[in-house]
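Undergrad: Shown below is the structure under consideration.
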Amino acid sequence: MQQPPPPPPGAPPPPYPGFGYPQPYGQQPRAWVPAAPVNRRRWWIWGCGGCAALALLAIAVIVFVFIRIFTGSPLRHFPTEAGAATTHDHFQAGNNLNTETLLIVDPHALAQVEAYYEQALHQNGWTTDTHDPSQASSGDTWRIARTDSPSQTGSITFTTVGTNTDIAVTYNY
């Protein structure tokens, strides 16, 4: 049996795997090479890059949540009569209660507007405590709720302003 060769000059002191002994994956060492110096800038880059990635992820989650809140609002698909315009849409979020206020200006007469909303709301999944549209008067207020979530309620107030009818819709969800 042949002895392994002596260690190369500059090799670390024993214990080290000597030449001729089985190495992982069947490899034989050729010579001892000292470890490369550690670049400290690389750690800064990884650290800052990781923090930046976490910050971007947090921002993306926040943006997603806000988009979901605004597009998930029940008043986004609130019916409006032909010729009517939405002039104000205000969203307020607070202690487990979101409130949205929608102001619609309609050029039609008050009785015609109330008749339209009495029909349109029931067809679009809303329940109301409507009144007789022929008895319409400025300042009429109806209570509304979605048929799929009756605990979330709101109100519609009809007001005559000149030749227009203002419809103020407030909904809590």
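From the backbone N, Cα and C atoms, a Cβ is placed for every residue, glycine too.
Keep in mind that TrEMBL annotations are predicted by a computer and have not been checked by a curator.
OK, TrEMBL features for this one:
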- 1-17: compositional bias 'Pro residues' (COMPBIAS)
- 1-20: region 'Disordered' (REGION)
- 43-67: transmembrane segment (TRANSMEM)
- 127-149: region 'Disordered' (REGION)
- 127-140: compositional bias 'Polar residues' (COMPBIAS)
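Buried or exposed, and what's around them? Tell me for each listed feature.
TA: When DSSP labels each residue, the region 'Disordered' (127-149) comes out as 3 helix, 10 strand, 10 coil, counted as helix, strand and coil in that order.
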Undergrad: So what's near the transmembrane segment (43-67) in sequence-distant terms, Cβ-Cβ under 8 Å and 6+ beyond its ends?
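TA: Those are none; the list is empty.
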